[in-house]
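First up is the structure itself, then whatever we jot down about it.
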Amino acid sequence: MGLDWPQAWLLGLPIAVVYGSLALFTSILHNVFLLYYVDTFVSVYKINKVSFWVGETVFLLWNSFNDPLFGWLSDRQLLSSQPRSGAGLSSRDVVLTRVRALGWHGPLLALSFLAFWVPWAPAGLQFLLCLCLYDGFLTLVDLHHHALLADLALSSHDRTHLNFYCSLFSAAGSLSVFASYAFWNKEDFSSFRAFCVVLAAGSGLGFLGTTQLLKRQIEATRRDRGCPGLDLDGGVCEEEPPVGGEEAGNITLGQYLRQLARHQNFLWFVGMDLVQVFHCHFNSNFFPLFLEHLLSDHISLSTGSFLLGISYVAPHLNNLYFLPLCRRWGVYAVVRGLFLLKLSLSLLMLLAGPDHPGLLCFFIASNRVFTEGTCKLLTLVVTDLVDEDLVLNHRKQAASALLFGMVALVTKPGQTFAPLLGTWLLCFYTGHDLFQQSPMTPVGSVRPWPELPAPAPAPAQAPTLRQGCFYLLVFVPITCALLQLFTWSQFTLHGRRLRTVKAQRQNLAQIHTLNIKMV
């Protein structure tokens, strides 16, 4: 009995499109979470300062260690398979395992997202538990989704093709930020709560449907062609020998860490990426503050809200342009160019000063857009590091999720250090403590101050605060760009070296990567 036409049409979608659509269901939740979770607990649930910082400190630790923990639990059998009855894991088995994991963890992510918007415990306890639950499921989803990027394709061209669809669907998901403005109301929270229920339901059902579709496509490909996946150039592949066997030995976590410590490109990359993660979250945390203190006299509230919203969508759209450049010039050259652009724009803004509203508006928006866009390109670099790790250590299978987790272990602290260092620098330079000063009319919703405002600062302090915000705005990207240009210059996995690694991985893996059905 034949399939009805909608089902047949869905099964006929390219795997690259189905894979990319998974980013939509994460994006519609995560952008709303980033924009409103602090304001919800500070302004609606009235969390106190001590509980806020305790929650953020525990979150820092959990956020750093859950990536390598989940990566190790997911991929340790790929480092040294312990086969049962002589059977191990093929490439197809690894991909199907990751798809099934996304089918479970995606809906759980949606449920943990809902837990933020209904008060069900004391504010401090709920803040801590919600952050840890949400970040745990987000980590599981991100690890398996990113690992599939390395497992589904080998060539840089095909990985940028996959990333293209991720950026496209992430941009669509970012539109939830614009929709949220129609429902956000601190005094009457019920409409925003209902909006979040709709988002969570759509995300959870989307994960269930898309992972089932991806699973059926992979299984149908094997039945139809007698191979574990589609070959990128349309050829037919053979089922590769399973992972495991008499030559596979047990690799402990300590041995794996020693292998990473000898992986020079990995070390230089995580040093650069730590700065990048810090800068991305610094921009997210202080974007509303910069709009408020540098531009509030020159732009309307609606213009500020529009700039805030567009800054979530534009990085994904920007990548639709940069990814073709990556296919032509390579990711290394494009990322280096973005670092140089960041440095040049920051120096230009420093020379121009804070009294040019149009230039300030462009710089604040472009700084966030280009920085976020660079973060999304770096996923492609990690997939190349996965290849190099496999070649250097002669693995049977690429431990993709584990390597993504180890990258996050080193770089994610930048996510928490960004607001801590930013508020400290502002307080050190201007004497303005965000936890003690009265908030002005908000342009956005990211507000890490408590519910009890102190008296407004004297008018004489205002110019100092404005000057402090301006110097923070320009000197942070200048410092980040200089550090990144140095570390990136030491990174050698590009050009001839990258081509050699790709060729060696093909030989080691007997070209057993799954194919993507191209558009």
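Placement of Cβ uses the backbone N, Cα and C atoms for every residue, glycine included.
Look at Swiss-Prot and you will find Asn250 tagged as N-linked glycosylation site, backed by sequence analysis.
According to Swiss-Prot, the feature topological domain 'Extracellular' maps to 1-11 (among others).
Along the topological domain 'Cytoplasmic' (44-55), the predicted structure has mean pLDDT 84. Residues or ranges marked as topological domain 'Cytoplasmic' in Swiss-Prot: 44-55 (among others).
Here Swiss-Prot flags 75-100 (among others) as topological domain 'Extracellular', drawing on a curator's inference.
The feature topological domain 'Cytoplasmic' is assigned by Swiss-Prot to 119-126 (among others). Within the same chain, residues 41, 45-48, 50-52, 54-55 sit at least 6 positions outside the topological domain 'Cytoplasmic' (119-126) and bring their C-beta atoms closer than 8 Å to a C-beta of that stretch.
What Swiss-Prot lists as topological domain 'Extracellular' is 152-155 (among others).
Taken from Swiss-Prot, the feature topological domain 'Cytoplasmic' covers 180-191 (among others), and the record attributes it to a curator's inference. Residues of the same chain lying 6 or more positions beyond the ends of the topological domain 'Cytoplasmic' (180-191) and with a Cβ under 8 Å from any Cβ of it are 32, 35-36, 39, 43-44, 117, 305, 309, 445.
Sequence annotations record features per position, and here Swiss-Prot assigns topological domain 'Extracellular' to 224-264 (among others) based on a curator's inference.
What Swiss-Prot records for 293-305 (among others) is topological domain 'Cytoplasmic'.
Summarising the annotation, Swiss-Prot assigns topological domain 'Extracellular' to 326-330 (among others) and lists a curator's inference as the type of evidence.
The topological domain 'Cytoplasmic' feature in Swiss-Prot is assigned to 351-358 (among others).
Residues or ranges marked as topological domain 'Extracellular' by Swiss-Prot: 394-402 (among others).
What Swiss-Prot lists as topological domain 'Cytoplasmic' is 430-468 (among others), and the listing cites a curator's inference.
If you look up Swiss-Prot, you'll see 488-519 (among others) marked as topological domain 'Extracellular', on the strength of a curator's inference.
Marked as transmembrane segment by Swiss-Prot: 12-43 (among others). Only residues 6 or more beyond the boundaries of the transmembrane segment (12-43), in the same chain, are considered here, and those with a CB under 8 A from a CB of the stretch are 52, 102, 106, 109-110, 113, 116-117, 123, 126-127, 130-131, 134, 138, 141-142, 145, 148-149, 152, 161-162, 164-170, 172-174, 176-177, 180, 184, 186, 192, 196, 199-200, 202-204, 206-207, 210-211, 213-214, 217-218, 230, 284, 308, 312, 444-451, 515-519.
Per Swiss-Prot, the feature transmembrane segment maps to 56-74 (among others); the stated evidence is similarity to another entry.
The stretch with the most CB contacts under 8 Å to the transmembrane segment (156-179), chosen from 56-74, 192-223, 306-325, 403-429, 469-487, is 306-325. Sequence-distant contacts of the transmembrane segment (306-325), counting only residues of its own chain at least 6 positions beyond either end whose CB sits under 8 Å from a CB of the stretch, comprise 31, 35, 160, 163-164, 167-168, 170-171, 174-175, 177-178, 181, 287-288, 291, 299, 334, 338, 361, 364-365, 368-370, 372-373, 375-377, 443-444. Outside the transmembrane segment (101-118) by six or more residues, the chain places 22, 25-26, 29, 33, 37, 40, 74, 126, 129-130, 133-134, 136-138, 140-141, 144-145, 189, 192-193, 196-197, 199-201, 203-208, 211-212, 215 with a CB less than 8 A from a CB of the stretch. Looking at which of 56-74, 127-151, 265-292, 331-350, 469-487 has the most CB pairs under 8 Å to the transmembrane segment (403-429), the answer is the stretch 265-292. Most Cβ pairs under 8 Å to the transmembrane segment (265-292), among the stretches 56-74, 127-151, 192-223, 331-350, 359-393, belong to 359-393.
Where the transmembrane segment (359-393) meets the stretches 127-151, 192-223, 331-350, 469-487, the count of C-beta pairs under 8 angstroms peaks at 331-350.
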